[in-house]
Amino acid sequence: MKYSELAGLYRRLEKTTLKTLKTRFVADFLKNVPDELLEIVPYLILGKVFPDWDERELGVGEKLLIKAVSIATGVPEGEIENSIKDTGDLGESIALAVKKKKQKSFFSQPLTIKRVYDTFVKVAESQGEGSQDRKMKYLANLFMDAQPEEAKYIARTVLGTMRTGVAEGILRDAIAEAFKVKAELVERAYMLTSDFGYVTKVAKLEGNEGLSKVRIQVGKPVRPMLAQNAASVKDALLEMGGEAAFEIKYDGARVQVHKDGDRVVIYSRRLENVTRSIPEIVEAVRSQLRPEKAIVEGELVAVGDGGKPRPFQYVLRRFRRKYNIEEMIERIPLELNLFDVLYVDGESLVDTPFMERRKRLEEAVEESERIKLAQQLVTKKAEEAEEFYRRALELGHEGLMAKRLDSVYEPGNRGKKWLKIKPTMEDLDLVIIGAEWGEGRRAHLLGSFLVAAYDQHRGEFVPVGKVGSGFTDEDLAEFTKMLKPLIVREEGKYVEIEPRVVIQVTYQEIQKSPKYESGFALRFPRYVALREDKSPEEADTIERISELYGLQERFKAKR
């Protein structure tokens, strides 16, 4: 299958904002994809090469890409860089450079999707001495044979800036439409495996029956079950039917641990493979998780003086560290608090009631300094739960989780079977969709960021406020560098930004407001932290903001 066909799909997707049209375009394309490409193409449509949980990365920056294009076309690097300043779009500028190509390869052949993908794999797997030169050579060979439109989208895929507006929801619906299968079965299979390539292949070759048989696989992360908020311990008990399992809500990073013999893989909440950054936890899992094969979930907490928990950002620092890891083990010790088990030695436990899963977890784990079971209290008495809550806060934890005793594990679902109880209104995780250039000494920096939540009815991110406080100059420099490649449009000082970056925002209250299409606005929003552990799909939704608004009004009424 020619790559030009995929490039044509990208073009059509870029030209429409309608979700229904995008879904139809993707569905029509998938119908014609040969079986051997079914596991590759869904990721390319999303503007990716590999699933999020795959360790491989292309490791190519803008400068290396420009060099590769210059070698392929004979157009000087400086000319390409000046063109980028004029167009504001690296992909467009690379297409222009390919148009001016000064040498034509005598042996040039049309690019195929397989050749482009195989080249991306070679680029990702080039490591060690001379790897940058090899990456450049592989890409230059692609650009030599690429047409301008193909070059534009190859460049965007390499840099992860596709801008077609296709996210997981559109791809899910397109798979269902293309192969006449139920969208809910596609969703379920994806939530269990986090692998659109595998799900697409099953949908086409095995239909609804095959999708309904999809099971958890060790080595492929399961989408995490999520919780809603409760206003109080009493409200949580009432919602749970009078009895609940209360667990400490740790201020850490949620992880999913996959064990297959001596092979241990640990995924972050965002499904990124963080195994290499936390070797001491890997070793502890090998020795303390008894089953031969298992999938367990827990909260990774950074431990400070006297065993007190440190803010979750310390855990993220561990995740980011690629070198001198031994030093970081000493500086930021970690503790894994396990709270669930999803799979044990060939048996999926997602449909098993929660208390039975807890029993299986206790049987599976040998506790130590590194690995512990989440502290739990099962009770019908509000006063016992209140005392447990008070102790959790005194120890420096965030609050409590309340869980229905009979609840099954629902991957990717945020329902009322799990509830969070915290003493203050919860911060929001929002996506940056716009920004303004600063003034004076900050004129070269982006600031005053427009933040948005996802509106499931509209199928798009809608703004809920502007965040301009809480940033240091270093923060603004980092955000400017991060967001510049994601700028879609500029109008005066304002820039529209592709929704890719998630930040944690605190605020005084949520207000009803006609100012934004969402109907909500944050009062006095303030930046707290970059949420590298969350993808845009995991950010808070308008539905969630509406739920928090209702909780807020109930708090006010009780005063």
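Numbers here mean position along the shown chain, with the first residue as 1.
Positions of Cβ are set from backbone N, Cα and C atoms, glycine also.
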Residue in ARG254, ARG263, ARG276 which Swiss-Prot records at the ATP site where GLU247, ARG269, GLU299, PHE339, ARG414, LYS420 also bind: ARG254
Separation of alpha carbons, LYS249 (active site, N6-AMP-lysine intermediate) and ARG269 (ATP binding site) (Å): 15
Neighbouring C-beta atoms (10 Å sphere around the C-beta of LYS249 (active site, N6-AMP-lysine intermediate)): 22
Cα separation, LYS249 (active site, N6-AMP-lysine intermediate) to ARG414 (ATP binding site) (Å, whole number): 16
